[in-house]
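Colleague: From TrEMBL, for reference:
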type     : residues  : note
TRANSMEM : A:21-43   : transmembrane segment
TRANSMEM : A:77-98   : transmembrane segment
TRANSMEM : A:107-126 : transmembrane segment
TRANSMEM : A:132-151 : transmembrane segment
TRANSMEM : A:163-188 : transmembrane segment
TRANSMEM : A:208-230 : transmembrane segment
TRANSMEM : A:251-278 : transmembrane segment
TRANSMEM : A:290-312 : transmembrane segment
TRANSMEM : A:319-340 : transmembrane segment
Amino acid sequence: MRGYLTLRPGKRFSSFHLHKKTIWVTAAAALLTFAAAVISLGMGEIKLSPLDVLKVLIGIGDEQSSLVVWQFRMPRIFVGFLVGAALAAAGAIMQGVVRNPLAAPDILGVSGGASVAAVAFLLFFETVSIKWLPPVAFLGATLIMFLLYALAWKKGVTPLRLVLIGVGLKIAASAVVTMLITFSPFLLQNKAILWLTGSIYGVSWSDARMILPWTVGLILLAALMARRVNIQQLGDDISKSLGSAVQRDRFFLLLICAALTGTAVSVGGEISFVALLAPHIAKQLVGPSFGHALPLSALIGAMIVLLADLVARVAFSPIDVPVGVFTSAVGAPFFIFLLYRNRHR
Amino acid sequence: MKAILSATSAKWLGVALFLLLLAYLGFASLVFGIVETSWHTVIDAYTQFDGSNEHIIIKEVRVPRVLNALAVGICLGIAGTLLQSLTRNPIADVELFGLNAGAAFFVVVAITFFGISSLTQFTWIAFLGSAVSGAIVYLLGSLGRDGMTPVKLTLAGAAITALAASARHGMMVLNEKSVDEVLFWLSGSVGGRKLEFLESVFPYMLFAWVLAFLLVRPIQTLLMGDDVAKGLGQRTVLVKLAAGAAIVLLSGSSVAVAGPIGFVGLVTPHLARFLVGIETRWVMLYSGLLGAALLLAADIAARFIAKPAEVPIGVMTALIGIPFFIYVARKGLDKG
């Protein structure tokens, strides 16, 4: 095929067409994301020019700037990058599997499961180190995905049942969270609400170190499954006649999606609409093939969180608005636009 | 499926039994709680008020609570029936439709930015919120050739709910002082609300109940499909607008009294159809009665589950209603 490079690592398991346009677009997105990160690193109480930031990054900046960049701002920006990428990748998988462009882990309750676990942890294990919050949130996301899968199962899982039952579970999760918050002492209430809105305020290098391997590993795993996601999109009947193990693939893909969501939610809380938004933009740019769209989705998700967090940090200074408020302010109108545009489906 | 109560006399007997059940539940709700009282104390509180703790609790807490649960339950049951008929969607409910979220969002904006706490303003703001979000969800859900599908409606409702929730959270983070006040209200409860709350919205509730029952026949016709209804000479747009107005009044006034309470309106029409068949006027009547009974029972249970703390009743109804929702979603929507 012209315009493609074909790669087959692990022969039967996976294969890629490297689409040349995709490579260009993805490289451009990577550059833009980097630029966003540089600008964000320079903004705040102490302002640094992009040039100063670049100097620091290659190791020739002055001491004060280095401190500001590496110690104060970089952890937050790095975590924002990872969280955005993980959310976007999770969204891309879910949209592929559910075959509905409006599905996303936050709308179908996966993030909600993580929230229940995390808020319960904050409330009942006050004395246990906060370090355990991420694995707990992770566990919550995975458990609710199993629940969703089990409840939607009826001789197989159909996308329609996944959507309806997912929305139900989402509401159940918010009911439980509301109950937990009402029962908790005032100080914890504020902490829990901040977390629920989605915020990467006060994250540290240890958070970044914790989620880095998960994010990278899971996105790579998703990329290896690209071929299977593409087949899922054809619909159950065609996939089956192509010899694909539709249900098994669907299960593994959803598991990866839950793990990615759990990773992101564990440090960032419920940052809504990124998982929905990023894959759409990516597909607009490079087409619907999952292998093409995944890396670009991840970059765009990262960029959205970086920019939203920049606005959240700077616009209402000294108040640090939770980043989730901005992602939904952008995401919800977009969602409505999507509903409108997909009205004939 | 044949309804359990098929003869008209059986249906009326059922209504009488329901009224007895409501009286019993109301009595239980007055008497049982953290402070246990007796039937005599209840009567004494009104005939020979002596300012004792029990008497004050009954007059100020228990009686308003029973009346709130009754009124809100009836509203939610009727609203559910109207919504499910209007959208021909068995999983419609004020919660899933984003009506609760919209009203809650508007009220939180009012508390946070305008410092509003006056009851009359509260009511109008809740009506406005319900109407705006309901209209958006309805429009979004019915876009396109194939019209309103359960999935589109559900997703539209979920999106509006998510938007409202995150904006609400954002405001609560920015304004910590209002958190307590807002949270109490948001978790949905028929307790701790003064009787004036109910008094100020009761006229609207009553009006909506009457309107709903006046709409019974047109809605029965509308259930045969828009084309048939038009062919029979019905002005379908007018009927839909009237039903929409009734739904907004019902959900807005119950939100103003008790905060967002979901899933009562989802469950009750199904149970009612199981009991009395598909005739709209009976379904509507039974939904109202069932809604009141469900809310009274849930409110009593809410006091005992996590004693001495109380589970918010909105949480109770969601946890009761969601398994039911999942059951309906698994059972009834395989064709789509």
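Using the three backbone atoms N, Cα and C, a Cβ is placed for every residue, glycine included.
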Colleague: Do the transmembrane segment (A:163-188) and the transmembrane segment (A:107-126) come close, with at least three CB pairs under 8 A (pairs 6 or more apart in sequence)?
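Modeller: Counting Cβ pairs under 8 Å, at least 3, so yes.
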Colleague: Sequence-remote contacts (6 or more beyond its ends) of the transmembrane segment (A:21-43), Cβ cut-off under 8 Å?
Modeller: 3, 49-50, 52-54, 56-57, 69, 73-74, 77, 81, 285-286, 292, 295-296, 299-300, 302-303, 306-307, 309-310, 313-314
Colleague: Determine whether the transmembrane segment (A:319-340) and the transmembrane segment (A:251-278) share at least three Cβ pairs under 8 Å, counting only pairs 6 or more apart in sequence.
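Modeller: Between the transmembrane segment (A:319-340) and the transmembrane segment (A:251-278), contact is present.
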Colleague: Same chain, outside the transmembrane segment (A:107-126) by at least 6, Cβ under 8 Å from its Cβ: which residues?
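Modeller: Residues packing against the transmembrane segment (A:107-126) from afar: 90, 94, 98, 132-133, 136-145, 147-148, 162-163, 166-174, 176-177, 180-181, 183-184, 188, 191-192, 195-196, 257-258, 261-262, 265-266, 269-270, 272, 276.
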